[in-house]
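To keep things clear, I will list the structure first and then write my remarks on it.
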């Protein structure tokens, strides 16, 4: 799987031959070529210079990046400053201001129209006590610049920057000294300024050389993080709680949350890109509210955009109704498919926003050093939906880059970082080839010369990984925890990995541990292979630089300097010379265990060193992030050229194998590519017979999957082609039909229009003729009117002319009058003038006499003054003589004193000489003390460095403690609020309990009532069951009665048939009245056939009827008695049921009564038949037998009559009994009908209803 190492050995031999060549002393030239990275902790860190170019900070440079051409231009930082803190672009997009921190902070203004961004002005404010400016802003006309100073004073400085003149300054913080985050100019007014910060929102106006605050707010203070002007009077301000506040001239107009879809009233907005930068301490101090902070707001012509929540931007637009802003779109950062947890990318905090000049693009910068963009037009297309950002450029590292390596066979760079990512870059195309985010931090990386494999030292293991076409996949793990240094040999057959203070060498083919190089007492910080892979050089924190033999696994040469902790080492192409840098602020050249030369670095610690493969160029990286190109071969003076590179110390450096590019990485998470060449500007070129390799790795399964996917896609394409062709044919047919229809419709419309046009033409001709007639009439009328007007006007003119003549005469008379009046006035004036002249001449004579008197007085006073002057001069001369005598005496005394002092000076001179000797001896002592002091200072500096590290750690812990305290404070506040809620809820619970108790009593009573009702319902079920049984019994009895009735009717029909036959037989007998014998015989026959049998049957029928009647009567009486008993009980239990049952009983009694009535009718009919039969028998009795038979019939009839007499009393009482029974039957029938209705309405009573349960 590994490539042949023959080529690499050839390269190593080439390096050896180059190393033996004579070297020309020169200093290499390094030019910034490309930079990968972004610094999020700078205010105003993203701006649009034009539609294709954005400006952002990276390292210690400001980058002008052309998005279309992917080219970069650089504005380097100043040499004597300590890094950038803020950036501002002028509204006319010509100038950029860069604020840098230092002992005295400065602001540099660059002209972007110049290709190299020429420096125009450097502004400073010497009287400020701060070390940095936290925010910058240009005025709308780009002539003025404001800068907000940092702690402790937080002074705002207002410059006329072209004249370098400070117009005014002002302290902007509050009494508590809270931090200020952002400042800005009113987009329409040079004199109006807005300042926001923690519990700070202030508006200032510049007037008469001073900044004066206006628009004082009466509101609860909040931590304001960002703002933007949406008009010349209105400002939208965002807080750390996710609230947006709209101020108009300092007065709060509206307030709402960005995450809620709501609105905001505002004036018409101007295009104003106001970008904020929030310091990390303010973000960390906000604790749990971090996810909803409004960290940036940018305004545009349609509204504004603000970042609110993790990875979210809310777009607000102005609607038509009353200048109202409403949220139109939510834009989110997309997940990262290259990460183990893709959703982590969505939780980035957007720290800065900017809009392109044409408002086509919106660009966002995050706290994870990433840049995203979205087209505003695409965001407008799907309003109301959620949109996603797209990466503006490549994905950058977001934390310290810890590892770096370059490839021989491919133009690739490999880096790893504390952000858990491993990235592969291409330095020819300046692009990111591949990257992957892992779960562990990566500390070191090595790239195989073939470019197909990488070795990465993670916090838990050392892993060998394949670089596939679209992935980085692990294929071997070694148990080396926290490997800080690793390197492949130039041939690629070996690799070395540092495990604490031991260097382990492994085979790249078998992955066996070939050797362990032990000797360092401290951690190894740098290793380097020689060009021919025969030697391995290592340096460590213990001050040792060892040279190892790779074949023998032995230490060949060593240099130990315990006062220096080495951080970087490199080796010359020949392998004879080693160059090392460390904490002693010098560069050392080591040859065969001897330090040949030590070059001082002028008090700056060097962190890394790299030598070109030609052996002609040497570069060093410093702790400040600067790159030094060292004059080579080394001189004692150590000449170098320094280039501004990174904002933090350079952690790794590598030179590509063709010596064209130098790669540097830093703790500021930036990777920088430099184009290097010698003094004359010639790049060192190698004869590359073999071009860069283009082979890539891909697994068999991935290849098969991709081939299968390709075949599926091809078939899908073919299917889509066929489907599209079919659809096109269908559409062609449809369109042809539509065209045909439209053509016909068009032709028809054309004909209609032609006819319409013809009609309109005829109408037009008629209208023209009509118009000409009307016009002729109007012209005639007009000419008549003209003549009339002329005549009337001529008359008026004559009248006016006469008036004019009269007025002219009048004016002439008035002129003559005025001329006379003027003449009179002139005469009066001359007379008055003569009188005044005489008056003033007399007055002048009086004044001249007074003047002569005053002159005489003045001459008298002059004579008195001269006399006084003479007397004063004489007094002064006498005083001068006295003073002269006095000072002459004093002079003699001074001369005597001077002579005495000369003697004393001689004595002092001798003492001086002795003191000089003592001073010389003391100077020698001082020199020895200074040497000791120098040593102690070195110790102190090392201790100060430790102290600085500890202070930094203390500061970090203080910050974490502050965060925790803030969190505790917030939790306490929440706890207090929750306790208030608890108190309120407890009170509410008590009230509810009070309300619940009577309801529970009601529920209990209702439950008892329900139980009673259920027991009553069960009782009703039992009663219903019993009643159903009774009903079924009654129905069966009714059926039996129906059957008996049927039988009786049948018997009646039979009787009627017998009677009919008897009548016919008797009729036939009547014919034999004249013949007695025949009559006798026929009567015998009739008697034999009918009478004997009928009497027996009639008797039997009568007895059966009587029995049935008595049985039914008894049965009915028993039923009625039982029903009455039951009714009495039911009446006692429930009266309503009693009434219902009574009605049923009445109905039953009614049915029984009907049956009785029918039965009685049947009996009367039978009785009538029997009676009629008896009458007939009594008439026909001629013979003896007939007499006997008639007697017998008579006796039978008498017997029946006797029975009727017996029952005579019963027949008298029968109507009364029948009426009573009718009433009872009617009641029973009604009760049965009600029961039937209830049975139809409810479920059958055979099963028990489920009990009712009351739900609370």
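Here the Cβ of each residue, glycine as well, is placed from N, Cα and C on the backbone.
Mean pLDDT, taken over the repeat 'WD' (394-435), works out to 93 on the 0 to 100 scale. Per TrEMBL, repeat 'WD' is recorded for 394-435 (among others).
Residues or ranges marked as domain 'EML-like second beta-propeller' by TrEMBL: 402-676.
When the repeat 'WD' (517-558) is classified with DSSP, helix, strand and coil residues number 0 helix, 25 strand, 17 coil. Summarising the annotation, TrEMBL assigns repeat 'WD' to 517-558 (among others).
When Cβ-Cβ distances below 8 Å are used as the criterion, the repeat 'WD' (643-684) is approached by residues 11, 26-39, 58-61, 76-79, 83-84, 369, 396-408, 411, 413, 415, 417, 419, 425, 427, 430, 568, 607-614, 616-617, 619, 621-629 of the same chain, each at least six residues removed from its ends. Feature annotation from TrEMBL assigns repeat 'WD' to 643-684 (among others).
Counting same-chain residues at least six beyond the ends of the region 'Disordered' (846-871), none has a Cβ under 8 angstroms from any Cβ of the stretch. Sequence annotations record features per position, and here TrEMBL assigns region 'Disordered' to 846-871 (among others).
For 856-871, the entry in TrEMBL reads compositional bias 'Basic and acidic residues'.
Per TrEMBL, the feature coiled coil maps to 1106-1172.
Per TrEMBL, region 'Disordered' is recorded for 1237-1256 (among others).
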Cβ contacts under 8 Å made by the repeat 'WD' (517-558) with residues that lie 6+ beyond its boundaries:
9, 12-13, 15-16, 19, 484-491, 493-494, 496, 498, 500-505, 564-571, 573-575, 578, 580, 582, 588, 590, 592-593, 613
Give the residue counts of the compositional bias 'Basic and acidic residues' (856-871) per reduced DSSP state, in the order helix, strand, coil.
16 helix, 0 strand, 0 coil
Tally of DSSP helical, extended and coil residues in the repeat 'WD' (643-684):
0 helix, 20 strand, 22 coil
The repeat 'WD' (394-435): DSSP-derived helix, strand, coil residue counts:
0 helix, 23 strand, 19 coil
